[in-house]
Amino acid sequence: MVWLPRVPCVAAVILLLTVLSPPVALVRDSRPWFLEYCKSECHFYNGTQRVRFLKRYFYNLEENLRFDSDVGEFRAVTELGRPDAENWNSQPEILEQKRAAVDTYCRHNYEIFDNFLVRRRVEPTVTVYPTKTQPLEHHNLLVCSVSDFYPGNIEVRWFRNGKEEKTGIVSTGLVRNGDWTFQTLVMLETVPQSGEVYTCQVEHPSLTDPVTVEWKAQSTSAQNKMLSGVGGFVLGLLFLGAGLFIYFRNQKGQSGLQPTGLLS
């Protein structure tokens, strides 16, 4: 089901009623506020194959009347809305206009928003990291960060050594970024053992295949060895680059020397 944002049919109507006598009004301004507004909703099922239009009327934040295209007429939600429901249901032109809103309002707006809201796809960025840097065999929290994706329907699963984890999972839920993208954190409580491989798998409409990101549990000594190896490799590249630079510079200097008096 796709749902378009509810749009107020008119600006909220605020009625200010002054009920105090002038002498009291001079002491303080205590005018009561009354809020009356309505909302139009479009509910889509399987694209525009089935569409439901709702027009809901509220008074002081309480719904009192609605029109439902599935019903085809106005229905009172509270006694306050009953007079309006009876009045509008007795006017065929009003009922005809509301029933036609399924096409004139909902399907019409669906075509406008289709490319931006319905078909729009933004692939998520997925990263995995532990919340604590500490030795193995201690309680830790692995975080799968999924960010900057659209639409909001997404599935995130955790695996340990290829087997899905069903317990110890905590999620922040869907968080709006404010730029038409979402983010979420899905965390796995675990006690990592040396050699274990943890995988975060993400499925999203923007992806043809699930995205998987691994985190391998390594002992401190193994991590130090790996860092030493990477550091040695980088240092070797630096020395190699410096040697090549000096060599080619010397070669260029020698080729530029010629005996005086020769024609070239």
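Backbone N, Cα and C define each Cβ position, glycine as well.
Taken residue by residue with DSSP, C38 (disulfide bond) is part of a strand. The Cβ neighbour count for C38 (disulfide bond), using a 10 Å radius and every protein chain shown, is 20. Feature annotation from Swiss-Prot assigns disulfide bond to C38-C106 (among others).
What Swiss-Prot records for C144-C200 (among others) is disulfide bond. C200 (disulfide bond) counts 23 other C-beta atoms within 10 Å of its own C-beta, drawing on all protein chains shown.
The average per-residue pLDDT of the prediction over the domain 'Ig-like C1-type' (124-214) is 94, rounded to a whole number. Annotation comment: Swiss-Prot describes 124-214 as domain 'Ig-like C1-type'.
In the three-state DSSP scheme, N46 (N-linked glycosylation site) falls into the coil class. Positions annotated as N-linked glycosylation site by Swiss-Prot: N46.
Per Swiss-Prot, the feature region 'Beta-1' maps to 27-121.
Among the features that Swiss-Prot reports, region 'Beta-2' is placed at 122-225.
Marked as signal peptide by Swiss-Prot: 1-26.
As annotated by Swiss-Prot, topological domain 'Extracellular' applies to 27-225, with the evidence given as sequence analysis.
Feature annotation from Swiss-Prot assigns topological domain 'Cytoplasmic' to 247-264.
The transmembrane segment annotation in Swiss-Prot covers 226-246.
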Set of same-chain residues at least 6 away whose C-beta sits under 8 angstroms from C144 (disulfide bond): V126, T127, V128, V156, W158, L185, V186, M187, L188, C200, V202, V213
C106 (disulfide bond) CB neighbourhood, other CB atoms within 10 A: 21
Close in space, distant in sequence - N46 (N-linked glycosylation site), Cβ under 8 Å, 6 or more apart: none
